[in-house]
Amino acid sequence: AESLTALIARFLSLCDYKTEKYIVAKNKKVGVLYRLIQLTIIGYIIGWVFLSKKGYQETDESIQSSVITKLKGVSVTNTSESGVVVWGPEDYVIPPQGEGVLFVVTNFLETPNQQLGYCAESSKVVDGRCRSDADCRGGHTVVAGNGLMSGRCIVSDVNSTGTCEIYGWCPVEKKFKPQRALLANAENFTIYIKNFIQFPKFSFSKSNVLETSDESYLKSCRYDEQIHPYCPIFELGDITRRAGYNFQDMAVYGGSVGIMIDWDCDLDKGYSQCHPQYYFTRLDTTACNRSVAMGFNFRHTRYFKHHTGEIHRSLFKVYGVRFNIMVHGKVGT
Amino acid sequence: AESLTALIARFLSLCDYKTEKYIVAKNKKVGVLYRLIQLTIIGYIIGWVFLSKKGYQETDESIQSSVITKLKGVSVTNTSESGVVVWGPEDYVIPPQGEGVLFVVTNFLETPNQQLGYCAESSKVVDGRCRSDADCRGGHTVVAGNGLMSGRCIVSDVNSTGTCEIYGWCPVEKKFKPQRALLANAENFTIYIKNFIQFPKFSFSKSNVLETSDESYLKSCRYDEQIHPYCPIFELGDITRRAGYNFQDMAVYGGSVGIMIDWDCDLDKGYSQCHPQYYFTRLDTTACNRSVAMGFNFRHTRYFKHHTGEIHRSLFKVYGVRFNIMVHGKVGT
Amino acid sequence: AESLTALIARFLSLCDYKTEKYIVAKNKKVGVLYRLIQLTIIGYIIGWVFLSKKGYQETDESIQSSVITKLKGVSVTNTSESGVVVWGPEDYVIPPQGEGVLFVVTNFLETPNQQLGYCAESSKVVDGRCRSDADCRGGHTVVAGNGLMSGRCIVSDVNSTGTCEIYGWCPVEKKFKPQRALLANAENFTIYIKNFIQFPKFSFSKSNVLETSDESYLKSCRYDEQIHPYCPIFELGDITRRAGYNFQDMAVYGGSVGIMIDWDCDLDKGYSQCHPQYYFTRLDTTACNRSVAMGFNFRHTRYFKHHTGEIHRSLFKVYGVRFNIMVHGKVGT
């Protein structure tokens, strides 16, 4: 019976209210200091976290972005291999479909009229060099080479080394050390970057293109951070300059440039206060070693057919600048 | 000696146990209220954070995704420039390699048989207009034009303005204001979207394709949220309709559509409860100004060689819809 | 007057300092235990959170990355349709421009000399099969077929089913069930992956390429986790092997492989301790059902012009492996 009473007492004690015992010190100096500290903390929370950092804001970083690009500009080249050629955007932009990643040809080497057949491997290819037929294993491909070895070694001069004969697209590409960019005025080509963004959570959408009915503005303007922040047209030379590099230097061997569009918006300030910010950086260098593995080039081909049905092709080695448009953003409200 | 004693006392006092002094108020009303508040907080934590929000779950947002697309459908066009042409996916999908970003041609203008030579600049090009030879600076390119000015001004009629003669790919593209989509039945083309996802952290992988041995299902089904959520085949017209736009309207000038595949999975519920969700949005518009900078087109070329060795080309200006398949996801367990 | 006094008293009480009343228990056992618990908590915070997890570090996950790829290797194929063909990177890498996502042809079927005209639909196309002209709706396109039905049914043998006559690119592609990869030595092709990363917040940039002046190293080395972690050259067969698959098996029908480059760097340890980690996974399979929807192929074309001006084309159905290079990273300091 005693233990039951104890249990009931314990259960009832659950309904007791337990609180700390306080001492009140009626010392005015300590009291004022204590309130000042409290006010400082409250002031910090309201002033910094809420007003300045907007800590109460809900943010959305799931940006949906669409980038469409269009280049304008024409260049004329005159080389012994290709003759006089006029380059429009349909030729120098690869791929041509106006994506956010695009490559602009600034320099090239054409090897026209290649046909399948037998010829000497390029002397650039280390494993294709030979002194006698024994060095050329017939039926094998040359490592990093252009074709299948026939087994013969072609030496122009008894004392020198030659190269293995191959079956492949002949003649092979000649040695080429670019000296200057053939599409010299590529610097003046313009790129029109249309960027549409959406934040589905807040049903917010905006574009980096000025909302104007004046069509001629978008034909003649050039981007300027201060004067024309909503003109989405950039000269290529201007982009590399903003990234800290000279376009002509990059154009010889090629390179890679990043264009970052940053939308950091506070929707409380209204639609018109949400601006795109552009940042430009060169992507294919490191701070420590600027020489390593520089340049950007690749090869592509155009196939033709003789009226006899034989296939021949033009091989293009193109050097140029790759532009990579990246869109980041977050909004808060 | 006294200070040493004090030091020892202080050190020993480190081993004292200091706690707050409590008052127990045996007021039942206050006590019950106090316990109720405690229970509410515990209930909130268990009910909302743990059960509803699964706050205890480990989540992984590092989704690895692979998208493969394939289009089916044929369209026939008949234009004065190109004659009757049959378009298969190998022609109207650019690029053709089945990526997650693809462009479907819905309208086009061909300029066949272009050759390098001299002709009048297009009257579309503002800077190519002239009244006399003095307006055409020989050896310079026309801004946003098609070639290099020869210095001559070609005026058909004494009183009117003409355009500068250029060296470039001639004839230049004519003025073109698309009225209707030439590949009218592009609406009925189907796109097969294969999406494979992996969450490496949980060794979880799944696909949006029904795991069936019935191959004919995947040849005839069409996606439906309710009936066929695992049929990954969509009609293009259906996609734009779900995004809120009419395909024929978009097809004339082109546009850009986003297809979002969302995998939000709770692995506690099992493999079979992890479903892909599809969302469709038009990406190239903003809520405020629907007219600005609409449309999507670009130019590409096909090069040919005469049997005399001369190069000529067909220039295609293609309008169409770009589909951008984006995959998001997170799993929790 | 009394209430005013009360108000003043209340206001003055704001300046009182209120604190909890403490009891000091001079029990040494309880005291030592209490201090031990405190020390454990402090030890955990310093040892685990600060030293091991580096909880004090500021981290940056906004990596900026640029990927450039280049393939080397030559393959020779000999088929009845195409004859002897030599494949270089300019042909088997699609697209050729050295991006982070690339497709390597390992198998193909060429349908040469297609011209617009009338021929029988492929028997592969289910909806193109017919028994009589009534089954072929003239002027309509065949679902998933190759052209526009003329309305005639072409039956080679009275008792068998035939296929509808179509207007399209003729002859249509034949049925093809790949048995083995035609570009058998694609396994030995090498891919050179240049990856440059930047963390703008910390002005940190690095590359996965060895910073050496010995150019021949980067021509002959092969990646090895232990011996050559900074050699960025991989054999394709080696990549699929690391992902757990046999290259020859994947090469027949194609597939998709992910190459993840992970930069997880602690800048406190210095520049030289920040290494790229490579991970390889096959992306087009799921753990549960390995058979579903396997393979990767697409079609592309090469257009030619007869000297009479007629267009004809070669249709290539290419099978291959898509490599998707993904770069992740975070740094802390």
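Heads up, residue numbers simply count up from 1 along the chain you see.
Quick reminder: no glycine exception, Cβ is built from N, Cα and C everywhere.
Under the three-state DSSP scheme, C:Lys317 (ATP binding site) falls in the strand class. There are 17 other Cβ atoms within 10 Å of the Cβ belonging to C:Lys317 (ATP binding site). Positions annotated as ATP binding site by TrEMBL: C:Lys70, C:Leu71, C:Lys72, C:Thr190, C:Asn297, C:Phe298, C:Arg299, C:Lys317.
Secondary structure at C:Cys119 (disulfide bond), taken from DSSP and collapsed to helix, strand or coil, is strand. Other Cβ atoms within 10 Å of the Cβ of C:Cys119 (disulfide bond), summed over all protein chains shown, number 20. Among the features that TrEMBL reports, disulfide bond is placed at C:Cys119-C:Cys170 (among others).
Here TrEMBL flags C:Cys130-C:Cys153 (among others) as disulfide bond. Annotation note: C:Cys130 (disulfide bond) sits in a strand segment as assigned by DSSP.
The DSSP secondary structure for C:Cys164 (disulfide bond) is strand. Residues annotated as disulfide bond in TrEMBL: C:Cys136-C:Cys164 (among others).
In three-state terms derived from DSSP, C:Cys221 (disulfide bond) belongs to neither a helical nor a strand segment and is classed as coil. Under the heading disulfide bond, TrEMBL lists C:Cys221-C:Cys231 (among others).
Under the three-state DSSP scheme, C:Cys265 (disulfide bond) falls in the strand class. Annotated disulfide bond per TrEMBL: C:Cys265-C:Cys274 (among others), in sequence order.
Sequence-distant neighbours of C:Asn188 (N-linked glycosylation site): residues of the same chain at least 6 apart with a C-beta under 8 Å from its C-beta are C:Gly73, C:Glu235, C:Leu236, C:Gly237. Annotation source TrEMBL lists N-linked glycosylation site at C:Asn188.
The annotation transmembrane segment is assigned in TrEMBL to C:32-51.
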Candidate nearest C:Cys221 (disulfide bond) in space, where candidates are the binding-site residues C:Leu71, C:Lys72, C:Thr190, C:Phe298, C:Arg299 and distance is Cα-Cα: C:Thr190
Candidate binding-site residues C:Lys70, C:Leu71, C:Arg299, pick with smallest Cα gap to C:Cys153 (disulfide bond): C:Arg299
Residue from C:Cys119, C:Cys170, C:Cys231, C:Cys265 whose C-alpha is spatially nearest that of C:Thr190 (ATP binding site), among the disulfide-bonded residues: C:Cys231
Around the Cβ of C:Arg299 (ATP binding site), the count of other Cβ atoms that are within 10 Å: 21
Position of peak Cβ density within 10 Å, selected from the disulfide-bonded residues C:Cys130, C:Cys221, C:Cys274: C:Cys130
Local backbone state of C:Asn188 (N-linked glycosylation site), from DSSP in three classes: helix
List of the recorded positions C:Lys70, C:Lys72, C:Cys136, C:Cys170, C:Cys274, C:Asn297 facing chain A, defined by a Cβ pair under 8 Å: C:Lys70, C:Lys72
Chain-internal residues near C:Lys72 (ATP binding site), provided their CB is under 8 angstroms and they sit 6+ positions away: C:Pro89, C:Phe189, C:Thr190, C:Tyr192
Rounded to the nearest Å - Cα separation of C:Cys231 (disulfide bond) and C:Cys265 (disulfide bond): 19
For ATP, whose listed binding residues are C:Lys70, C:Leu71, C:Lys72, C:Thr190, C:Asn297, C:Phe298, C:Arg299, C:Lys317, the greatest C-alpha pairwise distance in Å: 24
Residues from the same chain, set at least six apart from the ends of the transmembrane segment (C:32-51), whose C-beta lies under 8 A from its own: none
